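Participant: Have a look at this one.
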Amino acid sequence: MKKIKIKILDDRIGTQFSLPSYATSGSSGLDLRACIKDSIILLPNETVLIPTGIAVYIDDPYITAIILPRSGLGHVQGIVLGNLVGLIDSDYQGQVMVSLWNRGSRNFSVKVGMRIAQIVFIPIIRPIFEIVTNFVVDTERKVQGFGHSGVK
């Protein structure tokens, strides 16, 4: 278990809203809440930056955090992240913000304290690059890229 430092920036966290938490014992992501003063109406195709009321300091270059949309909001409501995936570097100490994008066709109400995204902590491999002129082994795929294997 790795300890990650968290700073509470909104007094409602821990009283009105829970700390970021796992919804189930098998959850990978911790839910993040909208720490806003009033509900916000997010119009179709609009993006808005929502504060979460916390800052994290990972302090380990081999760990990063990613912010992901909540699957129900994305699939059912059309609410996803404006930057698709948020990345929190190990040396960042500012407030965790969530860019919400309404890709749906209806207005969406972001309510005070609503669970809007999830944060996942993952290991990072920091490679040392070896410059080569050719790869020693030819793979079956070689340089075939986007769509080369079809959809069947």
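Yeah, the Cβs are placed from backbone N, Cα and C, and that goes for glycine too.
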Participant: Check Swiss-Prot for me: it has R70, S71, G72, N83, L87, I88, D89 binding substrate, so pick out which one of M1, M97 it puts in that same site.
Facilitator: M97
Participant: Please classify the secondary structure at R70 (substrate binding site) using three-state DSSP.
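Facilitator: Reduced to three states, the DSSP call for R70 (substrate binding site) is coil.
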Participant: Rounded to a whole number, what is the top Cα to Cα distance in Å among the residues the record ties to substrate, namely R70, S71, G72, N83, L87, I88, D89, M97?
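Facilitator: Site span for substrate, by Cα atoms: 26 Å.
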